[in-house]
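Participant: So Swiss-Prot says this about it:
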DISULFID  CYS15-CYS36  disulfide bond
ACT_SITE  HIS35  active site, charge relay system
ACT_SITE  ASP65  active site, charge relay system
DISULFID  CYS141-CYS168  disulfide bond
ACT_SITE  SER147  active site, charge relay system
Amino acid sequence: IAGGEAIYAAGGGRCSLGFNVRSSSGATYALTAGHCTEIASTWYTNSGQTSLLGTRAGTSFPGNDYGLIRHSNASAADGRVYLYNGSYRDITGAGNAYVGQTVQRSGSTTGLHSGRVTGLNATVNYGGGDIVSGLIQTNVCAEPGDSGGALFAGSTALGLTSGGSGNCRTGGTT
């Protein structure tokens, strides 16, 4: 499974995988949104929940918005992002976004969308006391289910989809 593809929570709910990562000890994890991993500890790669992705290894939300799922099968951890046109992009490193940078976002509801970074270190109040700070702000659209998906530029990982306003028909901020 690659970045941007759908992941399914035990008991219901769908998010998107951001990037597959490896620890210094060689363990592989799926990186996604923390508001996703907080709702379930077991995750699957299919909606019928017959193909196990793995179990939650950690969640940081609110404050931050990221979570780690330990892969049950390390060979399933694809180092690419799915571009929703039948092809994939190799991700070879991580970097820091900058204002004006052209970026792409891959997610399981709306696929691949492009735009620019419009701000850094943004803070968003999602309500109910859920405040997340240190975010990259873009003019790339997103919709529910895109959460956790990959934000990247070329072969460089930049971040994960946390949330946004608007949608991919009329546009929005993510």
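Heads up, the Cβ atoms here are built off N, Cα and C, so glycines get one too.
Locate each feature and note its surroundings.
Facilitator: For CYS36 (disulfide bond), the same-chain residues that are 6 or more apart in sequence and have a Cβ closer than 8 Å to its Cβ are ILE7, ALA9, GLY13, CYS15, GLY67, SER147, GLY148.
The secondary structure of HIS35 (active site, charge relay system), as reduced to three states from DSSP, is helical.
Around ASP65 (active site, charge relay system), the same-chain residues at least 6 positions away in sequence with a Cβ under 8 Å from its Cβ are ALA33, GLY34, HIS35, VAL132, LEU135, LEU160, SER162, GLY163.
The Cβ of CYS168 (disulfide bond) has 17 neighbouring Cβ atoms from other residues within 10 Å, across all protein chains displayed.
The local packing around SER147 (active site, charge relay system), expressed as other Cβ atoms within 10 Å of its Cβ over all shown chains, amounts to 26.
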Participant: Of CYS15, CYS141, which of the disulfide-bonded residues has the most Cβ neighbours inside 10 Å?
Facilitator: CYS15
